[in-house]
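The structure appears below as C-alpha cells.
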Amino acid sequence: MVLLDPSKIRLVGGSGQNEGRVEVRPADSFTWGTVCQDHFDMRDVDVVCRMLGYPSAQHVRNVAYFGQGNGPIYMDDLRCDGNETSLFHCSYPGWGIHDCDHHQDAGVVCSTNSSRIRLVGESGGNEGRVEVRPADSYRWGPVCHNNFDLKDAEVACRMLGFPNAKQVLHSAFFDQATGPIYMDDLRCDGTESSLFDCPYRGWRVHDCDYWNDVGVVCDYSRIRLTGGSSQNKGRVEVRPADSFTWGTVCQDQFDMSDADVVCRMLGYSSARQIKNDAFFGSGRGPIYMDDVQCNGNENSLFNCSYPGWTINDCAHDQDVGVVCDESFLLVQQTMRYQGYQDESKITISPSLAYSLDYDPMTEFVYWLDEDDVIQRTHREGSGTETIIESSGYSYGLVIRLDLAGENLYWTDYYKHTISVARKDGSFTRTLLTSTVIENPLGLALDPRNGFMYWASGEWGSYKPRIDRAAMDGSNPTTIISSLTEAGVITIDYKENRLYYSDDNSIYSSDMVGNDVQLVMAGDGGNVRGIAVDDNYVYWIHSWTVGIQRLSKTSMNQTALSEDLDDLNDIYVSTASLSNVTNACSLSNGGCQELCLAHPEGKTCACRDTWDLQEDGVTCCPSGYTIYHAACFKAYNRYKTYNQARQVCAADGGLLAMPKDKDVDSFLRSLKNAVDEISRFWFGLSDQNDEGEWEWEDGTPHDILTDWSNWQLGEPNDNDGGEDCANYYGSDWNDAPCSSEYKFICQLKEAISCSLGYYRCGHGHACILSWKRCDGVTDCTDGSDEEGCVCQSIPGNYHLDSRLAMLPNQLGQTTLGEIQNSSVLELLNTSDVISGKHHPEFKNFVSAVIFPRCNVSKEDKTNCSLSQDADNILHC
C-alpha cells in the first residue's frame with residue numbers, strides 16, 4: 001500500500017478511517033479546507049482513495065454527508081481521468097476558486113476489506129451467495145459450505161456493515177457461482193473483524209464443487225441500540241437504506257412519542273425512558289437525524305418528520321438513547337417471589353413476603369417480608385441485600401418506589417405509620433403516625449403531582465376509607481369514606497384514575513375521589529394486589545389461583561399463570577411511570593438527605609431524630625448546628641479529652657476541628673453561647689508524638705506554617721505535660737489531656753476550599769473563584785451570585801479595564817491582595833512595558849485573571865467611574 005501526498009489530504013467526520021469529508025491543504029499552508037461536490041464523481045474518488053492508500057473507491061457522498069467543514073473551500077469542478085496519482089494533478093479552476101458553500105462539501109467512502117466480500121443472487125442486499133476476492137485481484141469467487149456456521153456468517157455480515165447474521169444457507173441455495181472457489185473449512189469464533197482473519201485451508205485449497213457454495217442472510221435492520229447493559233436500552237443508531245454506515249440521532253425535540261416508535265421498530269411494546277446527553281456513550285459516525293417529530297403511531301422512525309439525512313446542528317455529546325419496555329409481570333407468593341417474562345420464570349425464596357416493587361432503571365426488585373425487613377435483588381435473582389432492618393414488633397404490608405425522587409415508601413399496619421427512605425435504605429423517616437393514620441393497607445404514589453394515596457382499615461371509631469396527602473406527609477385528607485372493607489390501591493397514570501378494592505370488588509375514581517365506577521363485582525375473593533396499564537386491569541386474590549386480567553375495552557376477563565396460588569402482590573411493567581420527573585429529580589432537589597415532593601414543588605427532610613437546619617437544605621442531629629456542611633455541638637458538661645472523644649464518637653463524629661479562620665470563628669461563637677468563660681476541648685493533640693500535632697481525622701497540623709489561632713507563647717507543652725488543644729477564651733491553648741473541660745463535637749468535615757476557589761454558602765461545594773459573580777448560578781443555593789460588587793483597580797496597573805469583579809480567579813477578594821499580586825507586579829515591570837513578554841499576556845491578565853465587572857449600570861455597587869466612560873459600561 002503506497003501513500004501519496006498523505007499530508008495534504010485527509011478524510012474527516014466518518015465512522016472509520018476509510019470514509020469522511022474530503023479535506024485538502026496547499027503546500028504552503030497548514031489550514032485545511034474542503035472540496036466542492038460540483039462534477040465530483042467516482043473517477044475523482046478513485047484518485048482520493050489511492051492517495052490515502054486504499055485500493056479503490058466505493059461511494060461518493062455529497063451534500064455535506066459527513067458534516068460541513070468550517071475552513072476555506074479550496075477546490076471545485078474537479079475533473080480527474082481516474083488514473084492520476086494525486087488529486088492536485090487533476091483539472092480544476094484553481095485554489096480557492098468556487099461557487100459553493102459548505103453544505104456542498106464532498107465526501108468519499110474508500111474500499112477496505114469489506115469491499116472484498118459481497119452477497120450475490122438476491123436483490124435484497126442483505127442475503128445471497130458469499131463471494132470474496134484476493135487483495136490483489138478483482139475476480140470474485142464463492143466460499144465452500146464445509147464447517148461454515150453462524151459464527152462465520154456473523155463475521156461475513158459484520159464485514160458488510162450488518163449488525164449480525166440471521167441464517168446460513170447451504171448447497172448453493174442462491175445458485176452456483178462461476179469463479180474460483182477461494183475458501184473452504186472456515187472456522188471463525190465469531191469475534192473476528194474479517195473473514196480473512198479466520199482459520200481456513202488457504203486460498204483456492206478446497207475439496208468442494210459449486211453446489212457446495214454457501215449463502216447467508218444478514219440482519220437488514222436499519223435501527224439498533226448500542227452501548228447499553230441489556231438489549232432493551234442503548235444509544236439509538238440508524239443507517240440510510242443505501243448505506244451500511246451507522247450513525248446517531250440527535251436529542252433535539254426527541255420525546256416519548258419518538259422513543260415509542262423506535263422501541264416498536266425493535267419489537268418492544270413501548271418506550272420507558274429517554275436518555276439524553278450521550279448517556280450510553282458518544283457515537284462516532286455521522287449524525288443522521290435531528291429534530292425528529294413523530295406523533296407516536298408511525299411504524300418507522302423514518303416515516304416521522306425530520307429535516308433530512310445528516311442535517312443537524314448537534315454534536316455527539318447530544319446523541320439520544322432510549323430504554324424500551326420489556327413487558328413482564330412480577331408476582332409475590334407467600335413464600336417466594338417469581339418473575340415471568342417471555343415464558344421464563346425466575347424464583348427467589350425469601351421468608352414470608354407481603355409486597356414488592358420494581359425499579360426498571362437499576363433492574364432491582366424490592367420486597368418487604370414478614371419481619372418488616374426490606375430487601376432488594378437484581379431481577380435475575382443475584383445480589384440480594386437487606387436495605388432496611390426491622391425496628392421491632394411491626395407488620396409491614398406495602399412498599400412502593402418513588403422513581404422520580406428515588407425514594408422508597410412503606411406502610412406498617414400495627415404501628416399505624418407510613419415511612420420513607422432513600423432507595424438504598426438510608427435516611428429513614430416516619431412521615432405519618434396514628435394521629436392521622438390508622439391501619440394503613442394499600443399505598444400508591446403519584447410523583448408527577450406530589451401526592452400519595454393509601455387505604456385505611458377499620459380502627460376504633462374510624463371506618464375504612466381512602467386518604468391522600470402530599471408525599472412529604474403534609475395536608476392529609478380523606479377523599480373516599482364509608483367503605484366496607486378497604487384493601488389495595490393503585491393509579492392508572494394514563495387515564496389519571498385511582499383503582500382500589502372494597503368488599504371483594506374493584507372500583508375506580510378520579511384522583512380526588514369523585515366519579516366512582518364499579519370495575520369488577522365481588523366474586524368471593526379478598527383482593528391482595530392490583531395493577532393497571534393502558535389496556536388491562538390485573539389483580540390477584542385469596543380464593544382464586546393465578547392472575548386475573550380484565551380488558552378495559554371489551555371487559556373480557558381471563559386468567560394468567562394458573563399454576564400459581566397464594567399470591568400477595570403484583571407488578572406489571574407496562575403499568576409503571578416512564579421518564580417521570582419532579583422537583584426532586586435533579587441533584588436530589590438540592591437536599592442533603594431526603595427530597596420529598598408535594599404539589600407546589602418539594603420539601604427537604606431529614607432522618608428521624610435529625611433536624612432540618614435554617615437553610616432548609618441540610619440536616620444535623622437534634623442539638624447540633626450546621627456550618628459549612630458540618631454539624632457542630634458544644635457540650636455543657638465536663639470530660640477529659642479522651643472521654644470527650646468517646647461522646648463525639650457515640651454521636652457518629654469527632655472532636656471539632658477548626659482548620660480555618662471561618663470555622664474557628666463559628667466554634668468560638670458556639671461555645672460562647674454555652675459558656676463564655678469555661679475551656680472547651682477541640683480535636684487537636686500531639687499525644688502520639690510529642691511536637692507533632694494532629695487533627696482528630698489524622699491529618700497533620702504544622703504550627704509554623706498552617707493557619708492557627710494559638711495564643712502567644714502556645715503551645716508550650718509545660719515540660720511535656722500538655723498534649724491536647726482547647727479554647728482558652730478566644731485563643732487556642734494546650735493543656736493536660738486528663739483535665740476536665742467542656743467540649744465541641746463535629747459530625748462531618750467542614751469543607752475547606754483551596755486558593756482560587758470559592759466555598760458555596762451551603763458549604764457542600766467549592767467552585768472556581770472566577771465563576772463567582774459571572775451572572776451564572778453555579779452553587780445550588782445561589783450564593784455565588786450574591787453580594788457581587790465592582791472594585792476599582794488603581795490606575796498604575798496597566799489593565800484595559802480599571803474595574804474588576806472580586807473575588808477573581810486567584811481568589812483575591814480585596815484591593816490590598818490585588819496590590820500585592822505577583823501577576824500585576826510582573827505586568828508592571830519595565831520588561832513587560834517594553835514588550836518583552838508574551839503578546840497575549842496582558843489580555844490574559846485583563847480578561848481572565850481580573851475579569852471585567854458585568855453588573856448592569858443600574859446596579860453599579862461600589863464602582864469608581866473613570867474618565868474613560870466607554871471603557872466601563874460593563875459596570
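Glycine residues also receive a Cβ, built from the backbone N, Cα and C atoms like all the rest.
Quantities reported herein were computed from a predicted structural model and do not represent experimental measurements.
For C218, the disulfide partner named by TrEMBL among C144, C157, C250, C263 is C157. Candidates considered were C80, C100; TrEMBL assigns the disulfide partner of C90 as C80. Candidates considered were C188, C198, C208, C250; the recorded disulfide partner of C314 in TrEMBL is C250. When the candidates C49, C100 are compared with TrEMBL, only one is recorded as disulfide-bonded to C36, and it is C100.
Separating the Cα atoms of C110 (disulfide bond) and C80 (disulfide bond) is a whole-number distance of 16 Å. When DSSP labels each residue, the domain 'SRCR' (117-219) comes out as 16 helix, 25 strand, 62 coil, counted as helix, strand and coil in that order. Within its own chain, the repeat 'LDL-receptor class B' (406-449) has Cβ neighbours under 8 Å at 355, 359, 366, 368, 372, 374, 386-388, 393-400, 455-460, 462, 467, 469, 471-473, 476, 486-491, 493, 498, 500-501, 511, 530, 577, 580, 582, 584, 588, 593-597, 599, 605-608, counting only residues six or more beyond its boundaries. Remark: of the disulfide-bonded residues C49, C208, C218, C324, the most isolated position is C208 (fewest other Cβ atoms within 10 Å of its Cβ). Helix, strand and coil content of the domain 'C-type lectin' (627-746), in residues and according to DSSP, is 24 helix, 41 strand, 55 coil. Mapped onto DSSP classes, the domain 'SRCR' (9-111) shows 16 helix, 30 strand, 57 coil. The residues of the repeat 'LDL-receptor class B' (406-449), classed with DSSP into helix (H, G, I), strand (E, B) and coil, number 0 helix, 23 strand, 21 coil. C314 (disulfide bond) falls outside any helix or strand according to DSSP and counts as coil.
Packing around C36 (disulfide bond) is summarised by its Cβ count: 23 other Cβ atoms lie within 10 angstroms of its Cβ, all protein chains included.
When the C-alpha distances from C218 (disulfide bond) to the disulfide-bonded residues C90, C100, C144, C263, C324 are tabulated, the minimum falls on C144.
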